[in-house]
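Trainee: Dumping what Swiss-Prot says about this protein:
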{"type": "TRANSMEM", "residues": "70-93", "note": "transmembrane segment"}
{"type": "TRANSMEM", "residues": "156-179", "note": "transmembrane segment"}
{"type": "TRANSMEM", "residues": "195-219", "note": "transmembrane segment"}
{"type": "TRANSMEM", "residues": "291-309", "note": "transmembrane segment"}
{"type": "TRANSMEM", "residues": "346-369", "note": "transmembrane segment"}
{"type": "TRANSMEM", "residues": "385-411", "note": "transmembrane segment"}
{"type": "TRANSMEM", "residues": "433-455", "note": "transmembrane segment"}
{"type": "TRANSMEM", "residues": "531-549", "note": "transmembrane segment"}
{"type": "BINDING", "residues": "C573, C582", "note": "[4Fe-4S] cluster binding site"}
{"type": "TRANSMEM", "residues": "589-610", "note": "transmembrane segment"}
{"type": "TRANSMEM", "residues": "664-686", "note": "transmembrane segment"}
{"type": "BINDING", "residues": "H675", "note": "chlorophyll a' binding site"}
{"type": "BINDING", "residues": "M683, Y691", "note": "chlorophyll a binding site"}
{"type": "BINDING", "residues": "W692", "note": "phylloquinone binding site"}
{"type": "TRANSMEM", "residues": "724-744", "note": "transmembrane segment"}
Amino acid sequence: MMIRSPEPEVKIVVDRDPVKTSFEEWARPGHFSRTIAKGPDTTTWIWNLHADAHDFDSHTGDLEEISRKVFSAHFGQLSIIFLWLSGMYFHGARFSNYEAWLSDPTHIGPSAQVVWPIVGQEILNGDVGGGFRGIQITSGFFQIWRASGITSELQLYCTAIGALIFASLMLFAGWFHYHKAAPKLAWFQDVESMLNHHLAGLLGLGSLSWAGHQIHVSLPINQFLDAGVDPKEIPLPHEFILNRDLLAQLYPSFAEGATPFFTLNWSKYAEFLSFRGGLDPITGGLWLSDIAHHHLAIAILFLIAGHMYRTNWGIGHGLKDILEAHKGPFTGQGHKGLYEILTTSWHAQLSLNLAMLGSTTIVVAHHMYSMPPYPYLATDYGTQLSLFTHHMWIGGFLIVGAAAHAAIFMVRDYDPTTRYNDLLDRVLRHRDAIISHLNWVCIFLGFHSFGLYIHNDTMSALGRPQDMFSDTAIQLQPIFAQWVQNLHAGAPSVTAPGATTSTSLTWGGGELVAVGGKVALLPIPLGTADFLVHHIHAFTIHVTVLILLKGVLFARSSRLIPDKANLGFRFPCDGPGRGGTCQVSAWDHVFLGLFWMYNSISVVIFHFSWKMQSDVWGTISDQGVVTHITGGNFAQSSITINGWLRDFLWAQASQVIQSYGSSLSAYGLFFLGAHFVWAFSLMFLFSGRGYWQELIESIVWAHNKLKVAPATQPRALSIIQGRAVGVTHYLLGGIATTWAFFLARIIAVG
């Protein structure tokens with residue numbers, strides 16, 4: 001008797017040659033839309049083309065076709081990423097001082113760009129040490145390359161060429177999986193199989209191969225580099241892999257091979273799979289052996305996780321069952337129906353992924369400085385500041401994107417007729433309570449957090465320092481944060497007896513790591529100043545959430561516009577004759593949310609930049625005396641608004657303002673130019689559409705008089721187009737201004 005699995009053994013999951021490959025459509029801009037394909041009557045056409053080119057929902061209602069387009073576009077995105085990476089590695093190979101930096105990372109700055117000397121631009125190539133003139137880079141690539149065991153510019157060349165090959169492979173895959181073998185909808189909806197492959201394959205085998213590389217290549221090469229061996233003398237990576245004796249000289253347990261593994265005598269491997277905690281005093285980075293251990297552990301977890309979901313064999317978890325079982329006494333139907341939402345609405349799926357990835361990115365920002373993973377990263381202050389700022393901005397944008405796609409899901413994909421009394425429906429039914437409470441929280445946080453600052457400014461102005469909230473007068477110590485710090489500082493002796501140091505030196509415990517006379521990391525003291533600014537963080541984040549959540553919960557309907565769902569995701573007003581209904585679309589909430597996201601992240605990166613310069617970064621004398629860059633002025637200066645303006649913004653802007661005539665002058669120009677871009681945005685944000693239409697008609701009249709009128713009729717931007725252009729320039733200008741301000745400052749003083 002034969003027992004067959006209920007599933008057929010082979011599922012045909014692709015369609016062959018579904019879409020003919022043809023370049024004819026490339027010559028027809030807007031081929032995806034009947035109206036746009038007709039060509040331009042007015043200048044609005046070019047804006048509509050940009051708005052809808054990637055909105056696959058508007059091209060077709062067929063979910064399978066939309067899925068294939070998204071899938072194919074992902075390969076295009078990967079191709080661009082590989083191309084960008086290839087460019088980075090090529091710059092390292094062709095234009096950088098990587099080999100010089102590798103031999104003396106404490107005295108030589110990383111540089112991978114040399115500006116050609118056209119009309120006196122020689123000034124931009126500053127002296128980064130070791131006789132090399134170029135632009136100091138702050139991307140952290142040098143530190144990553146050293147950690148991964150790259151010892152020569154030839155290796156960077158080879159990697160750059162490899163990345164180019166991968167880029168072309170990805171381009172090919174994008175074409176192949178749309179035109180030649182396109183997956184069926186069922187393949188995109190097979191979530192258990194997807195989970196197994198992504199968890200076990202991408203994360204599990206990915207981490208395992210990285211752990212293998214770190215153990216067999218990175219660790220031995222970094223051992224030699226730390227010992228001061230000339231990079232040219234170090235054996236090449238493949239020699240360590242092929243010749244076990246080489247490794248056994250550095251790590252004696254390698255001679256025993258896999259025996260300790262199978263005899264469960266795992267402690268033998270502790271010399272290269274360590275559990276130390278803290279930082280390597282030579283490089284100021286995490287112990288590479290700790291990192292290898294971490295990736296091995298992660299790999300095992302994800303390899304197990306990748307075998308948990310039910311596919312062809314009828315055992316394991318089914319996601320639908322898990323979601324439908326997920327209900328409590330107060331949650332009605334719970335997550336019933338969520339499985340159907342997430343397998344038919346890619347906006348809902350994307351929204352969740354963006355929210356999680358955005359939060360993770362912000363967590364990464366905080367770990368990059370508190371647990372610096374790469375050698376000589378912690379003492380490269382410019383790179384530390386850049387990495388923190390970069391990851392904070394990216395995280396902020398991703399979280400706003402999560403709200404945007406949640407709202408698009410609500411408008412386009414949500415079906416209220418089939419959803420009753422599940423969690424989403426229950427949230428929507430008491431959305432008034434949620435939003436009004438959240439609004440109260442925002443008002444409370446706003447008045448109280450700013451109230452503390454205004455109190456301090458007033459007392460300071462009246463010469464009454466004894467009545468201020470500060471560490472030396474009325475203390476508002478962050479006792480809960482300090483408790484968390486102490487808990488973690490004490491953990492090695494209690495919850496993690498194998499570790500010699502806590503996870504991060506920032507927790508406390510008095511230990512300091514300095515590399516080449518510069519502070520890598522030390523315990524970060526928290527006081528009244530941090531308590532104040534943390535409540536500003538709470539305020540700005542809650543307002544951002546209020547705006548975005550209101551946009552999602554009221555995306556389909558509101559008391560003001562009950563039929564909002566019929567108007568779509570973005571619309572200017574609810575038609576003529578209904579005053580006071582403009583700027584209520586879900587799109588407008590995303591637009592407003594972006595400004596508050598910008599507020600939130602700006603305060604965070606300002607706080608970080610000043611706090612680190614004041615209390616962490618600096619030099620250490622032979623006697624062990626630490627001199628911080630701004631001499632610890634954060635605790636007393638940042639407790640007033642005036643202090644932020646005077647001692648942070650103004651005092652630290654002197655480097656960028658005075659950069660003309662120096663190798664930092666490009667930052668001075670960017671500072672000026674980005675201010676201009678930012679100011680340009682206000683023209684779009686503060687003026688109405690009719691104003692521009694009147695102006696345009698005057699100008700068209702003049703063109704007609706001169707008989708040079710264009711065939712395409714000029715039109716003012718629509719309300720939404722104008723706001724989109726405005727917010728784009730506002731954010732671009734603001735972020736680039738901050739970038740120039742930060743880098744000119746930290747490169748000059750760091």
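Cβ atoms here come from the backbone N, Cα and C positions, even for glycine.
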Trainee: Test the contact criterion for the transmembrane segment (724-744) and the transmembrane segment (589-610): 3 or more CB pairs under 8 Å, pairs 6 or more apart in sequence, then answer yes or no.
Mentor: yes
Trainee: Rounded to the nearest Å, what's the C-alpha distance separating C582 ([4Fe-4S] cluster binding site) and H675 (chlorophyll a' binding site)? Just drop the number here, would you?
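Mentor: Cα-Cα distance, C582 ([4Fe-4S] cluster binding site) to H675 (chlorophyll a' binding site): 30 Å.
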Trainee: Spatially, and counting Cα to Cα, which of the binding-site residues is closest to M683 (chlorophyll a binding site)? Options: C573, H675, W692.
Mentor: W692
Trainee: Using a cut-off of under 8 Å between C-beta atoms, tell me which stretch among 70-93, 195-219, 385-411, 589-610 contacts the transmembrane segment (156-179) the most.
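Mentor: Ranking 70-93, 195-219, 385-411, 589-610 by Cβ pairs under 8 Å to the transmembrane segment (156-179) puts 70-93 first.
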Trainee: Just to verify a number: CA distance, Y691 (chlorophyll a binding site) to C573 ([4Fe-4S] cluster binding site), in angstrom, no decimals.
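Mentor: Cα of Y691 (chlorophyll a binding site) to Cα of C573 ([4Fe-4S] cluster binding site) measures 18 Å after rounding.
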Trainee: Could you give the residue numbers and ranges of same-chain residues that sit at least 6 residues beyond the transmembrane segment (291-309) on either side and whose C-beta is under 8 angstroms from one of its C-beta atoms?
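Mentor: Sequence-remote neighbours of the transmembrane segment (291-309) are 191-193, 195-201, 203-208, 210-211, 214-215, 218-219, 272-275, 316-319, 373.
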Trainee: Where, among 70-93, 195-219, 531-549, 589-610, do we find the most CB pairs under 8 A to the transmembrane segment (433-455)?
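Mentor: The stretch with the most close Cβ contacts to the transmembrane segment (433-455) is 531-549.
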Trainee: When you scan the chain for residues with a C-beta under 8 Å from the transmembrane segment (385-411), skipping those not six or more beyond its ends, what do you find?
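Mentor: Same-chain residues near the transmembrane segment (385-411) but 6 or more away: 138-140, 341, 345, 347-348, 350-355, 357-362, 364-366, 368-369, 544, 548-549, 551-552, 555-556, 565, 568-569, 586-587, 589-590, 593-594, 597-598, 600-601, 604-605, 608-609, 612, 735, 738-739, 742-743, 746, 750.
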Trainee: In whole Å, note down how far the CA of W692 (phylloquinone binding site) lies from the CA of H675 (chlorophyll a' binding site).
Mentor: 23
Trainee: Cα-Cα separation of C573 ([4Fe-4S] cluster binding site) and W692 (phylloquinone binding site), in Å?
Mentor: 19
Trainee: Restricting to the same chain and to sequence separations of six or more, state which residues have a Cβ under 8 Å from that of the residue listed as 'phylloquinone binding site'.
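Mentor: Long-range Cβ contacts: A716, L717.
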